[in-house]
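Annotated in TrEMBL:
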BINDING   His82, Glu103, His120  Fe cation binding site
BINDING   Cys88, Cys91, Cys128, Cys131  Zn(2+) binding site
Amino acid sequence: MQKLRDNGYRLTDAREAVVEVVINSDRVLKPCEVFDLARAHYGKLGLVSVYRTLEKLEELGMIQRVHQHQGCQAFVAAKEGHHHLLLCSVCGRYEYFQGENLESFFAQIGIEKDYQIEEHWMQVFGVCSTCRRQGYS
């Protein structure tokens, strides 16, 4: 919350409800899900406020956008430093991971394709162990 204040954003009850929902979730959330969950804490919340708050949180690096198979956008709490996402395509659970050998992999791609790689961002989709135990594959 302090990061919002430090960047000149007023911390309204509506904004606080949205921040709490996204930051404390262990799964990816679509804006409509953020709206439904945050309304439980702040009944006057509007969907436009959710979208605006998500946009500001992403600009500040507090959340990260997730591009899903269906073309939908969803969000997760951001983690400090450079990380990649492992996402369950059934329940939406996510985990961050690092890959030391990925840096050399992307450097090699840059050499092979004659690109200067500036950044990369990887999302890996699969089915988590909990969902597999429940019969999903």
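Keep in mind that glycine also has a Cβ here, set from the backbone N, Cα and C atoms.
A TrEMBL annotation is a machine prediction, not a hand-curated record.
Long-range Cβ proximity for His82 (Fe cation binding site), meaning a same-chain Cβ under 8 A and a gap of 6 or more residues, is found for Gln98. Residues near Cys88 (Zn(2+) binding site) in space but far in sequence (CB under 8 A, at least 6 apart, same chain), listed by position: Arg27, Tyr94, Phe125, Gly126, Val127, Cys128, Thr130, Cys131. Within 8 Å of the centroid of the Cβ atoms of His82, Glu103, His120, where the record puts Fe cation, the same chain has further Cβ atoms from His84, Gly99, Leu102, Phe106, Glu119. Looking only at other Cβ atoms within 10 Å, the busiest spot among the binding-site residues Cys128, Cys131 turns out to be Cys128. Of all the binding-site residues listed (Cys91, Glu103, His120), Cys91 sits in the most crowded Cβ setting, with the most other Cβ atoms within 10 Å. Taking the C-alpha positions, the distance from Glu103 (Fe cation binding site) to Cys91 (Zn(2+) binding site) comes to 29 Å.
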